[in-house]
Structure formats: C-alpha cells, structure tokens
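According to Swiss-Prot, the L-aspartate binding site annotation covers GLU173, ARG219, HIS451, ARG492, on the basis of sequence analysis. What Swiss-Prot records for ARG219, ASP220, GLU221, GLN228, GLU485, GLY537, TRP538, ASP539, ARG540 is ATP binding site, and it gives sequence analysis as the kind of evidence. Taken from Swiss-Prot, the feature region 'Aspartate' applies to 197-200. Taken from Swiss-Prot, the feature region 'Disordered' covers 566-594. Residues annotated as site 'Important for tRNA non-discrimination' in Swiss-Prot, with sequence analysis given as evidence: HIS31, GLY83.
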Amino acid sequence: MLRSHAAGLLREGDAGQQVTLAGWVARRRDHGGVIFIDLRDASGIAQVVFRDPQDTEVLAQAHRLRAEFCVSVAGVVEIRPEGNANPEIATGEIEVNATSLTVLGECAPLPFQLDEPAGEELRLKYRYLDLRRDDPAAAIRLRSRVNAAARAVLARHDFVEIETPTITRSTPEGARDFLVPARLHPGSFYALPQSPQLFKQLLMVAGMERYYQIARCYRDEDFRADRQPEFTQLDMEMSFVDAEDIIAISEEVLTELWALIGYRIPTPIPRIGYAEAMRRFGTDKPDLRFGLELVECTDFFSDTTFRVFQAPYVGAVVMPGGASQPRRTLDGWQDWAKQRGHRGLAYVLVAEDGTLGGPVAKNLTEAERTGLADHVGAKPGDCIFFSAGPVKSSRALLGAARVEIANRLGLIDPDAWAFVWVVDPPLFEPADEATAAGEVAVGSGAWTAVHHAFTAPKPEWEDRIESDTGSVLADAYDIVCNGHEIGGGSVRIHRRDIQERVFAVMGLDKAEAEEKFGFLLEAFMFGAPPHGGIAFGWDRTTALLAGMDSIREVIAFPKTGGGVDPLTDAPAPITAQQRKESGIDAQPKRVQQA
C-alpha cells in the first residue's frame, strides 16, 4: 500500500503515530520557511507541515508543490499548537509533521481553480478535475449508496438481479432508437434498448418471478436542457402480482432511499387519479408542496360574449398579490406563455376595492365581473390568470403558470418533500398529440399508447378497447416527487389476444405485429403469468436526493443538453474505412434477393 491511513479520518487519538498519506495538494501556504499543505484524498483533508530546517531535500521538494500535485507524505501525527485548531474540518485538531515527500504526479496549469466557480462546458470537458471538488464528488458517492440501498431492499424480497441485452432488435417503443450497424450482417442493424421492457416480460414468462436491474437505457430524442441520450433506470418486474403489490415494494425502496438523507417518507404515499390531477393541477406530475389549484371556469363563462372565452375549456389560476405587478411584468407573462407555444395569458386584476381591471375585464358582462372573484377564490390585490382553448393544452399552460407563480412568490419550501402516486391514466392518446409533443407514435393508427404498448387496461375496460378507445383506463401508476415523475409502471398484458387487440387499435395489423413483436406474442402462448412492474428514473431520483437541479450533476461523465460529450468530443465522424467495414450502406440480404 502506498499509504497507511486515510487523511480525513485522522483524529487526536492518532497523535504520535507514524503515518503515510497519499492524495492531492488542495492548498499550499508558505509561512517564513515553514510550508503547509492541505492534503486531500477521498476521505477528506489533513494539514501537513514541512518545518524541519535540517531536512533541506524535503523542504526543497515542498517548495515545488503546487495545487493538485499528487503526492505521498510520511510523518508523525501531532496535536496542533494552541490557537491553531481549525473547527471547519474534521481533522482540525491535528496536523502531520512530514519527514518525507514523494511527488507521484505533477499538475499542469489548471483550466479552472477547483475552489472557484466554473462554466458547465469547461467542467464537463475536464470532468476528472471537476470530480475532485467536494460537491460533485459527494453526488457521485451518494449515487453508489443509493444503488446499494435499493439492492438491499430487493434482496430482502428475493429479487434476482439479471442483466438484459444492450444491443437488440429495433422495436417501436415511443422514442427513436440509437442504431448500431451489424458488420457481419451488412445492411442490418442492432438497436440500443430504450428500456429492458420486453426482456423483463420474457423473464416473467421464464419463471424468474422477481427481477430487477440497474439498467442503462438509450433514446435518440431531440435535444432538451435536462435530458441525456443515455440514462439509468432501476427496473423491476414481478409475477403473480397486482398494482398494490408493486406499489408496496416501490414505497419500501423509496423509504430506504430517503432515509439516506435523514427523511422518513410518510407511508402509504397518497394517491390521486390522473383525471383529477389534470383538472386540479394541469399536469400529471403535480407539485404538492403548495396550493394554487386551477379553477374550472367553462360553465361560468358558458353564455359569455367575450369571444376568447367561447372555447371548449376556460380555466384560471390566482396569483396572490399579483395585482401590484407593473405593466412590464404583466407583458412579460405574455412572452412567457408564447415561449410555451400559446398566444398569451389573459389576466384580470382585482383592485383593493374589489373592482376588476386589466384588458379582459372590460370585455366581461356585469354579471361575470360581479361573480368572478368569488368563483375563483381571488381576494383584493390578486391577479387572475386565464387560459382558454383545447382542454389539455389550456390546462397545461395554467399548470405551468401555477408553478411559475409559486417560484416567483417564494411559496415552495426547498426542504419539503411531497410524494404522490398518479393512478388510472388513459391507456391511449391521439397519435397526433403524441407526435406534436415530440414522441414517436407506435403504429399508423389514430391512437397510440400513453405509456407503452404493453400496458394492460383496467380489467373493467378490457371489453371496450375498440368501442370506447379514448376512455379506456390503464392499470398504471406513476410516482411523483416535488413535481418530478421519478418512476412509472403498470400491470402488463400477458395474453396474446389482448396484446393483438391493443396493437390493432394503434394501427399495427397482425402481419406487422408479428414482424416486430412476434417473439413476445409467441412467448405469451406458453403459459405467461400475470405480471407487472415499475422503472425508476435513477438519474432524477439521485439528483433529488443530492439536492441538485440537473441530472448531469449525478452522472459521472454526462453529455451536454445538446448531446455532446466535451471530454471526448463525442459524437465524432468515422473514417471512410470504418464506414465501409460497418456495412452501413449495404442493402440487407433479404432486400437484395427480392
């Protein structure tokens, strides 16, 4: 071993011991010929002092030290002189009086100082330096503890950890695949899996009964600020269970995870129906740390002469004290709405005397003006924001406005935790809505799956898949924490006939379903058990636990929001020879024979 002790674990009780430490120079200070360094390793920091004037060789070496040199130091642990203790660090009562010094690796001029802020792109380009800093390193170490805690819970319940393939067949699952040319089969491609969904279902058919995996997943999505092309899930599947069983295990996992940061999740976690969440909060990922619920106004304005409110849906959200906002701020709300694809955000100001002002108020009837504040629960001094139009998009705008209002008014306690299960979502959604939202619709039909094509309908809706498609409810559940969906799952279809009916609704005829999912349909013919599961977004979950806004902070080597790795400069072009060898331009054999 190149060291005998961890620097950050030395204490007063170690005084008098001869130790060998190894790590990096966090700081170097020269005080009249006596040199001090803060030596940092994974355990923390210890002060090392070079003060022996007789040992000129060691002193000369110490004079050469600069920040981030990697060194090994031998010496004796001593109590610091009176008045020199540092209560800011765990080792602040001691120091190591060095007797030898070995430079293990010199450090070039740093691209940024590790104790100063740096831009994200620079941090990612030199991520190996960024991870020497306390907060980034702590986030990665927390992730390891999170993994271990989840594994411990699942081991207690006899889950089997199984690795599924990471190169497989391209199957439509709701996003674009990353494709990998198969050199030995020119013109054919593997795909990186968007999830282990199909394989974990096959494992249930295989009799594994309880499976889990900390799985890498890949989706070729459009660039978004806080998405990664590769991400991690805690993936679980169970046989002979219903939704209640899966929710119970999931709550046990979550309880164990949040215990790592000293918080006890009250269980059972409350539940809300999807339809109720959309009606009250405008989203299926409601942040319940604050109120400000949406108010339905469609019936209130049913006879309105104001053309903007002659819409399928009219809703409102109240901003407490918002009537005092200057005109420039109110105009800024319009820009805020336009950035989200809407024409604007109508508003009414409630004056201190209860009269209504703003551009909308003059278009309302006397009866509407008289009853509006009471209907939406507004008080003098408040601002009422409205959205009118299609139900889903109008509610979504108000839901976003609700969160924006809470942020601007400081209504969200950053130390609070609010968990909720969102249950009973629709099984299908219009395919055009899915594609407009940037998703990839499975099949060519008018409907596509809200979650994925393998989600089972609630048993009472099974007979109405074709006759009342838009109303069918899924036997599915999402877990939401502080407005973030951190996991989602469902009971799965385990019968071939039902799976084929669901495919048909989505525009996959029997021949196409057989071509793309024949292996799954065939497996269902061999005594497939009822089964279901859940997958947790492991990056987001860990980021919440670490108190980080971005998932990039809990990924060792993340990509930027544009999908680029500044460290390795990926993605990168390939050579002409690589392209030729890959067979990427070849026609597959079955096409050549046709």
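In case you wondered, yes, glycine gets a Cβ from its N, Cα and C as well.
Locations of recorded Swiss-Prot features on the structure.
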residue	record	CB count, 10 Å
HIS31	site 'Important for tRNA non-discrimination'	9
GLY83	site 'Important for tRNA non-discrimination'	5
GLU173	L-aspartate binding site	20
ARG219	L-aspartate binding site	20
GLU221	ATP binding site	16
HIS451	L-aspartate binding site	18
GLU485	ATP binding site	16
ARG492	L-aspartate binding site	22
TRP538	ATP binding site	26
ARG540	ATP binding site	21
**OP:** Six or more residues out from either end of the region 'Aspartate' (197-200), which same-chain residues have a Cβ under 8 Å from its Cβ atoms?
**Re:** 164-165, 168, 171, 173, 211, 213, 235, 237, 452, 454, 517, 519-520, 533
Original post:
Nearest to TRP538 (ATP binding site) in three-dimensional space, by Cα, is which of the recorded positions HIS31, GLY83, ARG219, ARG492?
Top reply: ARG219
Original post:
Between GLU173 (L-aspartate binding site) and HIS31 (site 'Important for tRNA non-discrimination'), what C-alpha distance do you get in Å?
Top reply: 65
Original post:
What is the number of residues in the region 'Disordered' (566-594) that are helix, strand and coil, as DSSP sees it?
Top reply: 12 helix, 1 strand, 16 coil
Subject >> DSSP-derived helix, strand and coil totals, residue by residue, for the region 'Aspartate' (197-200) >> reply: 4 helix, 0 strand, 0 coil
Subject >> Mean of pLDDT values spanning the region 'Aspartate' (197-200) >> reply: 97
Original post:
C-alpha of GLY83 (site 'Important for tRNA non-discrimination') to C-alpha of ARG540 (ATP binding site): distance in Å?
Top reply: 45
**OP:** Spatially speaking, which of the recorded positions HIS31, HIS451, ARG492 is closest to GLU221 (ATP binding site)? Use C-alpha to C-alpha, please.
**Re:** HIS451
Original post:
In whole Å, how far is ARG219 (L-aspartate binding site) from GLU485 (ATP binding site) when you measure between their Cα atoms?
Top reply: 18
**OP:** Please report how many Å separate the Cα atom of HIS31 (site 'Important for tRNA non-discrimination') from that of ARG540 (ATP binding site), as a whole number.
**Re:** 46
Original post:
Can you check what DSSP calls HIS31 (site 'Important for tRNA non-discrimination'), collapsed to helix, strand or coil?
Top reply: strand
Original post:
Out of ARG219, HIS451, ARG492, which of these binding-site residues is nearest ARG540 (ATP binding site) by C-alpha distance?
Top reply: ARG219
